[in-house]
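Chemist: Below is a structure I'd like to ask you about.
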Amino acid sequence: MLVCGVFGTLVALERAVALGQAWAFLGPAASVAGTAGLLAGLPPEAAGWAYVLAAATLCIASLRTMQLQPAPFTASLAAGALAWLYGSVMWARGAAIPDLVGWWLAFLILTVAGERLELSRLTPQRRGGLPLYAAACGLLLAGAACGLTDRAGAALAGTGLLTLTGWLVRHDIAVRTVRRDGQARFMAVCMLAGYAWLGLAGLALVAQPPSETAFGYDIALHAVLVGFVMSMVFGHAPIILPAVARVRIPYGPLLYGPLVLLHASVALRAGSGLAGWPPGRRWSGLLTVAALLAYPICAAASKRFGRRLRPLSSRRAVP
């Protein structure tokens with residue numbers, strides 16, 4: 001539900017708004033319908049076909065975007081959408097989550113990485129960057145095709161994640177913007193912290209393949225979904241939500257609080273898994289929920305404090 005119902009809806013909605021075509025909004029609508037069906041108790045297969053419709057619509061929208069703007073980053077976004085479609089078809093046809101989750105992870109990773117690839121054009125281009133990016137994506141998709149529960153599939157996907165992490169750290173604009181102040185630094189911190197978890201997920205798949213231990217599977221999923229993707233959401237929300245939902249999220253230093261809680265929850269999950277401490281996994285889940293609840297609260301508080309401080313700063317500026 002997290003991948004298709006939450007992240008899938010957000011990605012499909014963002015793509016529909018960017019494309020500006022009414023039919024593209026069928027994607028997020030179908031994703032919401034599938035999630036509502038799951039919450040209402042419908043069989044997963046029934047809700048799965050709603051997600052298939054959502055993913056298929058996103059694929060068409062992404063391919064249309066690639067047609068209008070041929071570029072490596074639009075190809076990455078389209079590949080991510082196709083990965084979501086393939087995984088959703090597998091789920092609707094009754095496949096087990098561990099057998100298809102590689103495709104869903106590829107959907108999210110290629111989507112985020114594609115957006116970062118677009119922004120990397122703002123920095124001086126380094127030789128070999130694009131071939132390295134393509135190789136990382138190819139390894140990730142090959143691992144998804146084999147399945148993360150397969151030793152070779154886990155090794156391929158893990159190597160792809162490690163390669164992609166290296167590319168992001170070397171080419172992403174966040175490496176530069178983290179030296180700035182305010183919202184630019186906050187976004188960069190979210191990005192760089194997420195890349196650390198992406199690399200850890202790759203390391204876990206290679207060193208602790210899910211075919212041999214449940215720990216590798218568990219930490220890879222949480223590192224990608226919570227540590228990487230959710231961190232991206234925290235960082236991009238002040239920019240995406242005003243454009244998509246006309247909801248303004250002002251930046252304030254208070255937003256670092258939920259971000260710290262979020263990454264602490266993933267660290268606790270990984271640490272409790274290594275130590276064999278089951279209560280730590282439950283506490284990790286509670287910390288994640290606390291971070292998600294704290295984010296809008298801190299955003300609202302930042303907006304209120306901003307209104308109070310603005311008149312003060314204006315008065316001080318008067319000579």
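Here the Cβ of each residue, glycine as well, is placed from N, Cα and C on the backbone.
All TrEMBL annotations are machine predictions without curation.
Annotation comment: TrEMBL describes 46-63, 75-94, 100-118, 130-148, 154-174, 186-207, 219-241, 253-271, 283-302 as transmembrane segment.
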Chemist: Checking distant contacts: for the transmembrane segment (253-271), what same-chain residues at least six beyond its ends satisfy Cβ-Cβ under 8 A?
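Modeler: Long-range Cβ neighbours of the transmembrane segment (253-271): 186, 189-190, 193, 197, 200, 218-219, 222-223, 226-227, 230-231, 234, 277, 280-281, 283-285, 287-288, 290-292, 294-295, 298-299, 301-302, 305.
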Chemist: Under 8 angstroms for C-beta pairs, at least 3 of them, ignoring pairs fewer than 6 apart in sequence. Is the transmembrane segment (100-118) in contact with the transmembrane segment (219-241) by that rule?
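Modeler: Yes, the transmembrane segment (100-118) contacts the transmembrane segment (219-241).
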